[in-house]
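Annotated in Swiss-Prot:
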SIGNAL    1-18  signal peptide
DOMAIN    26-79  domain 'Kazal-like'
DISULFID  Cys32-Cys61  disulfide bond
DISULFID  Cys39-Cys58  disulfide bond
SITE      Tyr43, Asp44  site 'Necessary for sperm binding'
DISULFID  Cys47-Cys79  disulfide bond
Amino acid sequence: MKVAIIFLLSALALLSLAGNPPAEVNGKTPNCPKQIMGCPRIYDPVCGTNGITYPSECSLCFENRKFGTSIHIQRRGTC
């Protein structure tokens, strides 16, 4: 009887963990072209993983290239 209870509790725990997708810890990797000459002046803000709002994904890529950082997109929109 104890074995059956342990098995059922283990199965329930596994099912509850399997239903939740893992959280994205480091944010979404920005889609950066190989070379960035400049960014279009289109305002489509993104929130970087550093807590700074960038005017666009291109602007975030430009900053990453300029300073050698690897800031990701925490979410679309302002921080």
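Glycine too: its Cβ is placed from the backbone N, Cα and C atoms.
The structure, with features from Swiss-Prot marked on it.
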{"residue": "Cys32", "record": "disulfide bond", "contacts (Cβ under 8 Å, 6+ apart)": "Glu57, Cys58, Cys61, Asn64, Arg65"}
{"residue": "Cys39", "record": "disulfide bond", "contacts (Cβ under 8 Å, 6+ apart)": "Pro55, Ser56, Cys58, Ser59, Phe62"}
{"residue": "Tyr43", "record": "site 'Necessary for sperm binding'", "contacts (Cβ under 8 Å, 6+ apart)": "Pro55, Ser56"}
{"residue": "Asp44", "record": "site 'Necessary for sperm binding'", "contacts (Cβ under 8 Å, 6+ apart)": "Pro55, Ser56, Glu57, Arg76"}
{"residue": "Cys47", "record": "disulfide bond", "contacts (Cβ under 8 Å, 6+ apart)": "Thr53, Tyr54, Ile73, Gln74, Arg75, Arg76, Gly77, Thr78, Cys79"}
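Other C-beta atoms found within 10 angstroms of the C-beta of Cys58 (disulfide bond) number 20, with every protein chain shown included. Sorting the disulfide-bonded residues Cys61, Cys79 by the number of other Cβ atoms within 10 Å puts Cys61 first.
With DSSP classes pooled into helix, strand and coil, the tally for the domain 'Kazal-like' (26-79) is 11 helix, 10 strand, 33 coil.
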